[in-house]
Each structure stands twice: as structure tokens, then as C-alpha cells.
């Protein structure tokens, strides 16, 4: 499965491409960081990020795009920009019929380091080791984009199983409730007779 | 000036088109609310909003798109979705070379009601009166989108004048500093002689 990882951001937006094999085997195919100057208008910055992401999607044809889910950060203004950058990338994927999956920063950290509150250095170290890279990917946004794609490769089978289990449970609950209604109805009828 | 007003949102996104004339004269040309179901995937919701906004831009050819600037709200999750909806609309405008202008909710309220903390009912009443509408626009998102476009029509000349004044002030400051450096240099040379 070819996964495009995206660490969204207006100033720096990390993009990565990872091929997930059987088990835990993952291979890095590409990584880059798109930068937009802070003095540019917001719409123009979003356009540059969207253009870069679309070029990646059209060139690399990923099966799925994994994007970091943004939460409120210390700086609300930054969080909004980050959310918007992630939004335009998600839009580009949707236009191409490519599935989009969101992962929280702690899910990503937990997946690659085993610790949901690992620091940036730990994430970079583990990404370098997992992918068997010669040098550490820099800046941190590049490492984060790779971590996101790895996280998706490893979480996807689990998420699929969970979705399957949830659907099965919902189906079972529906059948149980139907049986319950039937029994209640039969009892009521027996009572009135 | 033909202005497209956008009250961004995932569940309901208000779109309006207003023609601003000389002075304070404004005429409503169109208004609509795009809805996307909450159970749809985020990327798919953004796609529907972007499609609707792009259709509007291509049909109505606005000179500028005025979007509400989102701040942190009570609900951070909602604020993120709102920011993303606004982001994809800004992107669509940038792709078409249409200028984008952001206005805060209090700027919009102050422009149409004279009170930056006016409530929704006041905004709707004033929008109805300003545009000379037969009935109040509903839902509130439609009224907000109209208010945004009106706000832009009225603030744009002022923003232009401010940008001009700021540029002039920066130019003057630059000349003053250059003169100051010259005087200091001359004094230093006179002292060493």
C-alpha cells in the first residue's frame, strides 16, 4: 500500500511517500517540505500548498493520504493555519477519489516510538531506524510526514478490523433488538388473550 | 464592485453575492446555504463546499471574496472545521485570481449594526433593512454571508486608504531615518576632525 503522509502547516508542510509491505515492513520513497513565506496572503499560501500536494498525488498516485489531525495548540492562530493547510490537502485527495485518514500526533508518536508523548528527537530517531535511512530526515516536518505515513501503514489493518468488528456488533445488536421486540409482542398478545 | 460573502462552516456554509455601488448603496444579487451531513467524511464535506463555492465564483464572477475570519470558539473542533471550510473557499478564489479578504465577526457586526457585539437577530434585521429585502434571510448563516459582503463593500475603501497611508508613513520613516544617519555621520566626522 502506497501511503502519502502529510504534516500540515502554512510555513512548512511536510510531504512523504511510504510503501507499506507485509507485516511491519515499510520503505520510504520520497520526502519533501513545502515552504510558504509568512508575508504572503493566506489564500496564496494555501494555493501553493495545494499545488504541491496535487503534484505529489498526480505523480506518486498514493492509495491513501494520511494527514495529522490538528488540535488546539498553544497558538490558536497557528492551529487555524495548520487546519486549513490540512484541509486543502484533504480536498485535493477527495477530488481524486483518494481516501483520507487522519491520525492524532499522539497516535503517530505511539505508533513509531511506542510512547504517545515522545519528543521530536525520538520520533526522528525511530523514523530513521524503521526506514533504514542513512541520515536523519530534516527538518522535523519531514520526519513527521514520514512518521505519519508509517503510522497509517501500521494502523490501517487494525482500523479495518475495528470497523469490521463494529459493523458486526451493530448487526448483532440490530438482530437482538428485533428478537426482543418479537418476544415482547408475543408476550403482550399472550397477556391480552 | 461585486462581492461574494462567505460565512464558512461544515454543517452550513452561507454564500452571498452583493453589488456595492457608490457610497453606501448595496444590492443583494443572490444568497444560499450549502449543507453537508455530519456523518460524511471531512474530506468529502470539504469537497462539496469547494464545489459549491467554485460554481458560484464561475457563475457570478465576483471581484473579491470576503470570508469570515475564524477565531477559537467555545468548541475547538467546530472552529477547526470552520477554518477548513473557509480555507478551501479561499483556495478556490486564489486559483481564479480573485482577491480574498478576511473580516472578523466583530468587524462585520460593527459595520452593519454599529455595534461589534450585536446579536444574530440584530444583524439579520439590519441586513434586511440595508438591502431592502421583503423578508428576513434565513437561516442565520445566509444573513451572515450577506452581512460579510456588505461589510466588505463598506470597509474596502477604508482599508485601501489605510494601506495607502501606511505605505506613505513607511516611506516617510525611511527617509527620516536616512537623514538621521546622515546627520549622525556628519557630526561624528566633525568630532574626529
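Glycine is no exception: its Cβ is also placed from the backbone N, Cα and C atoms.
Whatever TrEMBL says is automated annotation, not expert-curated.
Mapped onto three states, the DSSP output places residue B:141 (Mg(2+) 1 binding site) in helix. For residue B:141 (Mg(2+) 1 binding site), other Cβ atoms within 10 Å of its Cβ number 25. According to TrEMBL, the Mg(2+) 1 binding site annotation covers B:7, B:141.
Note on residue B:7 (Mg(2+) 1 binding site): other Cβ atoms within 10 Å of its Cβ, all shown chains, come to 28. Under the DSSP three-state reduction, residue B:7 (Mg(2+) 1 binding site) is assigned to strand. Annotation source TrEMBL lists active site at B:7 (among others).
The Mg(2+) 2 binding site feature in TrEMBL is assigned to B:68. Secondary structure at residue B:68 (Mg(2+) 2 binding site), as computed by DSSP, is strand.
If you take the C-beta of residue B:68 (Mg(2+) 2 binding site) and look for same-chain residues 6 or more apart in sequence within under 8 angstroms, you find B:6, B:7, B:8, B:86, B:102, B:103, B:104, B:105, B:108, B:144, B:148. Per TrEMBL, active site is recorded for B:68 (among others).
Taken from TrEMBL, the feature active site applies to B:141 (among others).
The coiled coil annotation in TrEMBL covers B:166-193.
In the predicted model, residues of the coiled coil (B:166-193) average a pLDDT of 89.
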